[in-house]
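Going by TrEMBL, these are the annotated features:
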COMPBIAS  406-425  compositional bias 'Low complexity'
DOMAIN    295-382  domain 'Ig-like'
DOMAIN    425-523  domain 'Fibronectin type-III'
REGION    383-425  region 'Disordered'
SIGNAL    1-16  signal peptide
TRANSMEM  534-560  transmembrane segment
Amino acid sequence: MAVLTLLLCLLPLAPASSPPQPATSSPCPRRCRCQTQSLPLSVLCPGAGLLFVPPSLDRRAAELRLADNFIAAVRRRDLANMTGLLHLSLSRNTIRHVAAGAFADLRALRALHLDGNRLTSLGEGQLRGLVNLRHLILSNNQLAALAAGALDDCAETLEDLDLSYNNLEQLPWEALGRLGNVNTLGLDHNLLASVPAGAFSRLHKLARLDMTSNRLTTIPPDPLFSRLPLLARPRGSPASALVLAFGGNPLHCNCELVWLRRLAREDDLEACASPPALGGRYFWAVGEEEFVCEPPVVTHRSPPLAVPAGRPAALRCRAVGDPEPRVRWVSPQGRLLGNSSRARAFPNGTLELLVTEPGDGGIFTCIAANAAGEATAAVELTVGPPPPPQLANSTSCDPPRDGDPDALTPPSAASASAKVADTVAPTDRGVQVTEHGATAALVQWPDQRPVPGIRMYQIQYNSSADDILVYRMIPADSHSFLLTDLASGRTYDLCVLAVYEDSATGLTATRPVGCARFSTEPALRPCAAPHAPFLGGTMIIALGGVIVASVLVFIFVLLLRYKVHGGQPPGKAKAAAPVSSVCSQTNGALGPVPSAPAPEPAAPRAHTVVQLDCEPWGPSHEPAGP
């Protein structure tokens, strides 16, 4: 009981527990200003010299401004858990890389500013999670590629998209067509060369479209343009008006732009760049009657072709017009041909049949069409039986026939079967290629006496490897011609035409004599000459051998001279014991003179000394005085 009384007395003396404190916010990053006293919270760090996104950001912030810094990348963890962020500005940094999913937690974000950075591409995962984004500013970057799915998460909410001042040559037009709520679309100052028809037809809320300073030569008509009045400037325009800007483009003012010329617009600075007659003129000052087109004209087509079954065939058709005509092909059965497993159609007007079949023969029709009309041309294709098997070629170092690989060789019975695979039978037996080598062929044709007034013959030929048609004019009295400018190992199509004067019209006309298809023989590869390193090594070895031989000869001469002089060098032998081979004859006496001591000096006497023999004469054998 006493203990309980003591506890009750001490209880008032115990300190009262403090009430719970609210959670403290994260500290404000250095050199930044933070507004945390009232909602919404904001972190302002413009021009703070930051090299990366500060890690100590308040994750409850609704506004984050990091413009005018030196941030080079946005990492996945930099903006994690900032679910309440509404406005993010990263303008004018040095951002080159944005990690995939870097904005995945920013589901409440309304505006994202990434302008003035160094982004070169935008992938599909870099903007993932921005499901409420309304304003996306990507101008003044180095964007050259925009992925088709980059805007998928914000396609339904995006209202403002700015892609100006980039390096975009192509755009995902199908993805842009799904931006149903976009009001402003900035595509100016890029490298766009064309816009597909109907690219903006589903952008019903579009109020401003800027395509200034691109490479557009024409603007296709679009249902959006025909529904809304077009005004060049937004000032004073009604709320439903569409502001379209397309100045600074090299517009080609032909009939394809008449629709744009007919629309009511305020003054703008658009000008024509072509055709030459309208170049530099103010677009809105050119009359509608001057926006004209030229119908297409077929300028070149393939001559009649003959190929064996199973071989490829290339049909060519070229046409000119304004605008540039589009070439299509129709099969002999009336079907429109395109890319398939057996055929390929190229934009330049070439139709390639990869594998021909006997049923492919007939008349193919080339149709060239543009806005002013169309032109047609027929190309005949003959598909013959498949060729027999061909023997393999000889080795590369076999000697050429008759010593000349380009020598003309008439087909013999032994080689006829091998040449069937290389030379297809001519379409007209009147023209024959009787002899052909690697770079030359002899063409022969019969006399055309039934055709009156022949002035000359014309030979037209080209290789299957190029589209250049070569012409040769032959005198009227010739019936053969030697072609010497051919390439080895190629197939040629050749036709001979007779040029004559038409008596009915008095004009010059042509009549085909016949056509042929032949192949030149492959050039024999000569045996390889010695390589330069081999020649250099041989020269070095030969020069070294000459030097060694010279040294040996010099040593041998020294040894020989050494032995001749008794094992002593020649200079020392002469200095040690000089020997004279002189004999003297005095007063008729002949013989060696014995040595004697030198006599007293006396007057000299005349005497004669004659060299007779080679007796040794040392220093002690001096002649005596007279």
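Note that Cβ sites are derived from N, Cα and C of the backbone, with glycine treated the same way.
According to DSSP, the domain 'Fibronectin type-III' (425-523) comprises 0 helix, 52 strand, 47 coil.
When DSSP labels each residue, the domain 'Ig-like' (295-382) comes out as 3 helix, 52 strand, 33 coil, counted as helix, strand and coil in that order. Per-residue confidence over the domain 'Fibronectin type-III' (425-523) averages 78 (mean pLDDT, predicted model).
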